[in-house]
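Engineer: This is the structure I have questions about; it appears just below.
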Amino acid sequence: MKVIAVNAGSSSLKFQLLQMPEEIELASGIVERIGKSDAIFQMKFNGEKHKLVLEILNHKDAADIVIKNLLDYGVIKDLKEINGVGHRIVQGGETFKDSVLVTDEVIKQISDLSDLAPLHNPANVTGILSFKEVLNEVPHVAVFDTTFHQTMEPINYLYATPYEWYENHKVRKYGFHGTSHQYVSHRAAEILNNPKAKIVVAHIGNGASLSAVKDLKSVNTSMGLTPLDGLPMGTRSGAIDPAILGYIAKKENMSLEEVLEALNKKSGYLGVSGLSNDSRDLEEAIKQGHERAKLAIDLQVKSIVNYIAQYYVELGGLDAICFTAGIGENASDFREQIVEKLAPLGVILDKEANKLRGERLISTPESKVKVFIIPTNEEVMIARDVLRVGFQA
Ligand code: AMP
């Protein structure tokens, strides 16, 4: 059967069509600049890339364009070949402990969680409604970024803020990138042949988070109420002293929203280096001796090392550390910097293996903790849940 995984943002829509249960990617792509007369549709199929620039006014039009192109390029011959749709939803709050079949009630609940994810959940709902119009006779399943972390205990999800903030407004740590942390940790446990393994997943892309996983369950993670918390990222600051908000608002005569925008969009790699949010640009600049580019990377490396050391203690030791996502999978110098700093934990990098790509062990046989590169695959995780939840007997 064929399943389409959909990830709708405010002005973009990513999709991947998979052959299931074989987990084979048939086609993938993105619609960008939704709402504009020069929107962009791009699709990869059969090793070829296709690109169109056209007017796409809303998400419903974007969904139509995706289906039309899947048909036009012969990826599918008939709409009926698509048996299910999986939707990536950012915030499931405490409402959703697992992926669910989409119903009118579920759509309302996802909408009701928009206060906690104002940039994401409304766009996710628009994606659901658009694809439901186009593919209305097949199961739609909502897969949340947060559910994998719902196994955290209060000691790891509560902030030491007034308890009423939690009771009345659900202020707590939720964690994100859950499908990725789940996919990678479960794959590591499979490689280790140990479902009880103690694992740290370092998902380091433009957004970045770490998780501590034991018995295939998330015990702790670095992101918080929102994806702003945790380590410094491409454009996000990660955790800072919250008093900075009020201080800078006053000094720079900015509103709280403007300060938050700067912490989300003008901080991290971009903010510290003053150059770019892209790790490849920073790597180039470092070669030219750019001090602040080095500092931007060093700040993130230090934070990652601190989280790994913390999780080592929390889990009572570690069986494996897994690197994943754009930077984690590709940036070998970056991984080397991190693993070298973990020497006190007995972690030893195999420098030759670390230069390679793809799923592999990159620690030496003597290393007390195994280190892996495990490419993430959030779409496969979503498609698996469409099968598991959408086709229950
Ligand atoms: P993601 O958010 O997972 O797509 O990751 C985006 C980040 O991965 C960007 O900072 C990219 O520079 C980085 N990235 C992607 N490919 C490479 C690569 N080959 N080497 C180094 N960094 C990479």
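Counting starts with 1 at the first residue shown.
Heads up, the Cβ atoms here are built off N, Cα and C, so glycines get one too.
Feature list, courtesy of TrEMBL:
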- Asp145: active site, proton donor/acceptor (ACT_SITE)
- Asn7, Glu378: Mg(2+) binding site (BINDING)
- Lys14, His203, Ile204, Gly205, Asn206, Gly207, Asp278, Ser279, Arg280, Gly326, Ile327, Gly328, Glu329, Asn330: ATP binding site (BINDING)
- Arg88: substrate binding site (BINDING)
- His177: site 'Transition state stabilizer' (SITE)
- Arg236: site 'Transition state stabilizer' (SITE)
Engineer: Of these binding-site residues, Asn7, Asn206, which scores lowest on Cβ atoms within 10 Å?
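Structural biologist: Result for the binding-site residues Asn7, Asn206: minimum number of other Cβ atoms within 10 Å at Asn206.
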Engineer: List, in residue order, those binding-site residues out of Asn7, Asp278, Arg280, Ile327, Glu329 with a Cβ under 6 Å from any atom belonging to ligand 1.
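Structural biologist: Going through Asn7, Asp278, Arg280, Ile327, Glu329 in sequence order, those close to ligand 1 turn out to be Asp278, Arg280, Ile327.
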Engineer: Given Arg236 (site 'Transition state stabilizer') and Arg88 (substrate binding site), what distance in Å do their CA atoms have, once rounded to a whole number?
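Structural biologist: With distance taken Cα to Cα, Arg88 (substrate binding site) is 21 Å from Arg236 (site 'Transition state stabilizer').
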Engineer: Quick one: give me the count of other CB atoms within 10 A of the CB of His177 (site 'Transition state stabilizer').
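Structural biologist: Taking every protein chain into account, the count is 29.
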Engineer: Looking only at Glu329, Glu378, which of these binding-site residues has the biggest number of Cβ atoms within 10 Å around its Cβ?
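Structural biologist: Highest number of other Cβ atoms within 10 Å: Glu378.
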Engineer: Among the recorded positions Asp145, Asp278, which residue has the fewest other Cβ atoms within 10 Å of its own Cβ?
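Structural biologist: Minimum Cβ neighbour count within 10 Å, taken over the recorded positions Asp145, Asp278, occurs at Asp278.
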Engineer: Could you check the binding-site residues Arg88, Arg280 and say which one's CB has the most other CB atoms within 10 Å?
Structural biologist: Arg88
Engineer: Around Ile327 (ATP binding site), which residues of its chain at least 6 apart sit with Cβ under 8 Å of its Cβ?
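Structural biologist: Residues satisfying the criterion: Ile204, Gly205, Ala208, Ser279, Phe334.
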Engineer: At its widest, how many Å does the recorded ATP site span between Cα atoms of Lys14, His203, Ile204, Gly205, Asn206, Gly207, Asp278, Ser279, Arg280, Gly326, Ile327, Gly328, Glu329, Asn330?
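Structural biologist: Of all Cα pairs among the recorded ATP binders, the widest measures 23 Å.
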Engineer: Between His177 (site 'Transition state stabilizer') and Glu329 (ATP binding site), how many Å separate their Cα atoms?
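Structural biologist: Pair distance, Cα basis, whole Å: 15 Å.
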Engineer: Between the Cα atoms of Asn7 (Mg(2+) binding site) and Lys14 (ATP binding site), find the distance and write it as a whole number of Å.
Structural biologist: 5
Engineer: Out of Lys14, Arg236, which of the recorded positions is least crowded by other Cβ atoms within 10 Å?
Structural biologist: Lys14
Engineer: Whole-number answer please: how many Å between the C-alpha atoms of the residue listed as 'active site, proton donor/acceptor' and Asp278 (ATP binding site)?
Structural biologist: 23
Engineer: Within 10 Å of Glu378 (Mg(2+) binding site) by C-alpha distance: pick out those among the binding-site residues Lys14, Arg88, Asp278, Arg280, and say none if nothing qualifies.
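Structural biologist: If one measures from the Cα of Glu378 (Mg(2+) binding site), the binding-site residues that come within 10 Å are Arg88.
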Engineer: Distance between Arg280 (ATP binding site) and the residue listed as 'substrate binding site' at the Cα atoms, whole Å?
Structural biologist: 28
